[in-house]
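Engineer: Here's a structure for you.
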Amino acid sequence: MSMGLGHQIGSLCGTIVASSSVGGSSETPSSSAEVGRVIIAQWKPSAALNCRTQRPTTEFDVLPLPLASPPLSPHSPSPTGAEDRCKRFFQPQLSPNASIRPDLSVACKAFETETQAVTELGHNFEKSYEEKEHVLAPGHARKHGSDGVPVFVMLPLDSITHNNTVNRKKAMNASLQALKSAGVEGIMMDVWWGLVEREAPGQYNWSGYRELLEMVKKHGLKVQAVMSFHQCGGNVGDSVFIPLPKWVVEEVDRDKDLAYTDQWNRRNYEYISLGCDELPALKGRTPVQCYTDFMRSFQENFQDLLGETIAEIQVGMGPAGELRYPSYPEANGTWRFPGIGAFQCYDKYMLASLKAAAEAVGKKEWGYGGPSDAGEYNNWPEDTPFFRREGGWNTPYGQFFLEWYSGMLLDHGERILTAAEAIFKGTGAKLSGKVAGIHWHYGTRSHAPELTAGYYNTRFRDGYLPIARMFARHEVVFNFTCIEMKDYEQPGEAQCSPEMLIKQVVLATRKAGVPLAGENALQRFDEGAHMQIINNSTLRLPEDGGNEKVEPMCAFTYLRMCPALFQSDNWRLFVSFVRKMAQGKAAAMSWEQEHRDTESFVHATRPLVQEAAALMHN
């Protein structure tokens, strides 16, 4: 823009952009200037790129702008020079219902000669150009509407190899470039405890993550870094196996009670039992100390990227990185949807805590274990005396047990988030924590699957508000899953209601004053899922006093980057989805314009997408 907008028009190779008054100017011309009419961008991009700026070329329509030009009249002299060049340039670009106005030549000439007017308009033009460039040009981040939501994309689980190198480097590079070109804000990546501190306590190998983060930085993307203290493998969508560090596995082999345990004495090795959070059971350190040391080492090694490239630290607090118990493990067919799951409180450390809690309330008999009538993993609530409509969950014993069980989970989150807050405070990176979207049997009174996972949420009790308040104390974003789901897609007999669950969580986070972010729980590429995400990301819900309020999510993370995402139809839908999320509902464009813009992006990114898809298969 330093060359001046008039020069760009005169050279016939620049791209003219609308000022902030697109859709109708609200400015009134001064007495020394008449309203000139110029053909400027309505931003209907074609596939071609501008020959000089390498920005997308556009179609144009008429929009009024105040220009320092002589009054237009039927007796205006015949224009030359600028008129001819402008006509040759703009005539082929006009949309079908646009026309060249009689005063086009004068307006074009004004742009060429009246530098004072261009200077006065420069700030508005520059601002508008940058906004359009961010939206349209490959390689630039998008601007977001007032209720727009930035989109991040999860990287593959195996983005870092067991040898601490970037996996499929060429595919990763092409994929990151394609994501950036589509307007994605950034990526989410798992930082695996089992890879970085694999060999020995306190020996961290960050080389693979340094390489990957530098690649992401080069492409101008932001990063959500997940402190993944869990095992990869055994959960929905886990396609690779990354165990806990070798020395941790050795300790668990020596003391099986370091693993979560159900009432049938089955062990779960996804995550260290929170019952031993404060016991020096891992080579002289407590599990919380191990998590703290890991996060501190990350902060020290990547302080140059924190707050800039690394925009967010998501703190893992359980299986799949979620604050919950491993109550519905898919490994070996233990659990199948929509089973109620099982309580995970039978290792000796959890039982010791339960025993102490029961004795503290004068009910020693309540401290010998969890409810014995809570059924098995694949039962439904009405199959069990504890979870049925008038079951034990709503008795004094049931209330005591569920308070203790959920309270232990909250205490676990409190300990880890306290450490994370101390380590990352002042770095510029925000903190987040993830909560699972357990929507099945939500329509029952007991909400059995949520209870076994550690969320004391029933028809009569809000189990998400205590979590949201805990997050708020530590300035942690509340990240919630299942944002893509609709009630009618779920089995009706299981009384699933992801939509009602999401509304409950939105209200809880608003009441606690904590930002909300979202993820899709399952890999989806269809437009129906995309539209549901868009709707859920800007829910309009009643507040206290009866007024409705829209508070968009602070971010959405899309599951996940893979060869299927780069398939032609999926990519087209994804590009449209990202654009709609960034615009927000208030700034939604017409279907025709959205379609044209999306097709332009798809065309421009096709070589990158094809390369990424091909390389990811290798």
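Residue 1 is the first one shown; counting continues down the chain.
Cβ coordinates come from backbone N, Cα and C, glycine included.
Source: prediction; values computed, not measured.
OK, TrEMBL features for this one:
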{"type": "ACT_SITE", "residues": "Glu322", "note": "active site, proton donor"}
{"type": "ACT_SITE", "residues": "Glu519", "note": "active site, proton acceptor"}
{"type": "BINDING", "residues": "Asp190, His230, Asp238, Lys434, His439, Thr481, Asn520, Ala521, Arg560", "note": "substrate binding site"}
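Could you tell me the structural context for the features on the list?
Structural biologist: Cβ environment of Glu322 (active site, proton donor): Lys434, Val435, Ala436, Thr481 lie under 8 Å away, each six or more residues apart in the same chain.
Cβ environment of Glu519 (active site, proton acceptor): Met154, Lys434, Asn479, Phe480, Thr481, Ile483, Phe556, Thr557, Tyr558, Leu559 lie under 8 Å away, each six or more residues apart in the same chain.
Long-range C-beta contacts of Asp190 (substrate binding site), restricted to its own chain and to partners at least six residues apart, with a cutoff below 8 Å, comprise Leu155, Leu157, Ser159, Val226, Ser228, Cys232, Gly321.
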Engineer: Are there residues of the same chain, six or more positions away from His439 (substrate binding site), whose CB falls under 8 angstroms from its CB, and which are they?
Structural biologist: Cys482, Met485, Gln490, Cys496, Ser497, Pro498, Leu501
Engineer: Tell me, if you would, which residue among Asn520, Arg560 (binding-site residues) has the fewest other CB atoms within 10 Å in the structure shown?
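Structural biologist: Among the binding-site residues Asn520, Arg560, the lowest count of other Cβ atoms within 10 Å belongs to Arg560.
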